[in-house]
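Residues or ranges marked as domain 'tr-type G' in Swiss-Prot: 10-207. Per Swiss-Prot, the feature region 'G1' maps to 19-26. Per Swiss-Prot, the feature GTP binding site maps to 19-26, 81-85, 136-139. For THR26, the entry in Swiss-Prot reads Mg(2+) binding site. For 60-64, the entry in Swiss-Prot reads region 'G2', with the evidence type similarity to another entry. Swiss-Prot lists 81-84 with the feature region 'G3', giving similarity to another entry as the kind of evidence. Residues annotated as region 'G4' in Swiss-Prot: 136-139.
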Amino acid sequence: MAKEKFERNKPHVNVGTIGHVDHGKTTLTAALTRVCSEVFGSARVDFDKIDSAPEEKARGITINTAHVEYDSNVRHYAHVDCPGHADYVKNMITGAAQMDGAILVCSAADGPMPQTREHILLSRQVGVPYIVVFLNKADMVDDAELLELVEMEVRDLLSTYDFPGDDTPIIIGSALMALNGEDDNELGTTAVKKLVETLDSYIPEPVRAIDKPFLMPIEDVFSISGRGTVVTGRVERGIVKVQEEIEIVGLRPTTKTTCTGVEMFRKLLDEGRAGENCGVLLRGTKRDEVERGQVLAKPGTIKPHTKFEAEVYVLSKEEGGRHTPFFKGYRPQFYFRTTDVTGSCELPEGVEMVMPGDNVKMVVTLIKPIAMEDGLRFAIREGGRTVGAGVVAKIVE
């Protein structure tokens, strides 16, 4: 039978496996591709190929990540799996692979372990909105009470980090059985099929960038005689139409202006859309009233802030980061979208110093306000060199 051509008509959803080392994340990833290839007709990917994930760079950080894809009846899934714990930490903090939902793999034989907890915490900090649980290796547990106990522990852990533990779907099965095409007691293929159906029903369809409120980070500002001030940048999300009112947010007090023209490749358009590089003409705004590092946004949708809680990964020496630890009161530059702003770091109680290669929660206070919201990524730099990556976990003020 001829292979069907790739259809882009199904909604696209990004997921990934998280959980403790050796609980079966990669086996489940391989099993998902196998089951979906048989049931829904997508391509199968073998375990070894996923396990020897290639290195990639995100914001100058080396991360090993395997990307696979599979289809359900109604969706196309892109799935990330990381071989090592450090790769997960980096992946989630840099947003190299943003997840619309995560599959938490937990061994029924061992129950929740330190990285189970850490990955749930990271999911909360970086804004992974939904978690579905796969209790793996259930073929190795004969005791129904033990299974129930592990399930309760996982639910408690999810609730601890503000996920709806009581309502989280938990599928019990064996990834290895599913990978080998076995299905005793419906723990193999059936369980993985059930997992895919749960992803379909439990993770809502993500809002596309174009459907979100307009936002464009300003990269450059020009004044064109007789026309006024033009700011250029890449539209991050939404659409800006000519004659719409927009706000200029960040670095200075927020001001309102009107878009009087959109230009792309020297052509005049009536709108600029998510993903496009364009110039936006601003009515009545002077050249020195806007600067790189501010954003154009739909009025009322984003505010400037200076203080926030962040989850940060500090580059190791091998990654070109610092060679020495830093202490409280550390004052690097924080690079948001298009600009650096100096800020000071407050470390959690009991943490005296942060070593290269660590991840840490910190409270940052910037010297100038930046347009921000939870989930915004940033880099930490010293004199233009990246020494860390972070994500806004919670805005303080």
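Heads up, residue numbers simply count up from 1 along the chain you see.
Glycine is no exception: its Cβ is also placed from the backbone N, Cα and C atoms.
What you are looking at is a predicted structure, and each value in this text was computed from that prediction instead of being measured.
Shown on the structure are the features that Swiss-Prot records.
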residue	record	Cβ contacts under 8 Å, 6 or more apart
GLY19	GTP binding site	LYS25, LEU104, VAL105, CYS106, GLN115, THR116, HIS119
ASP22	GTP binding site	SER107
THR26	Mg(2+) binding site	THR17, PHE47, ILE50, ASP51, ALA66, ASP81, PRO83
CYS82	GTP binding site	GLY16, ALA53, ILE63, ASN64, THR65, ALA66, TYR88, ASN91
HIS85	GTP binding site	VAL21, GLN115, GLU118
ALA138	GTP binding site	ALA108, LEU147, ILE172, GLY173, SER174, LEU187, ALA191
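Model confidence over the domain 'tr-type G' (10-207) is summarised by a mean pLDDT of 93.
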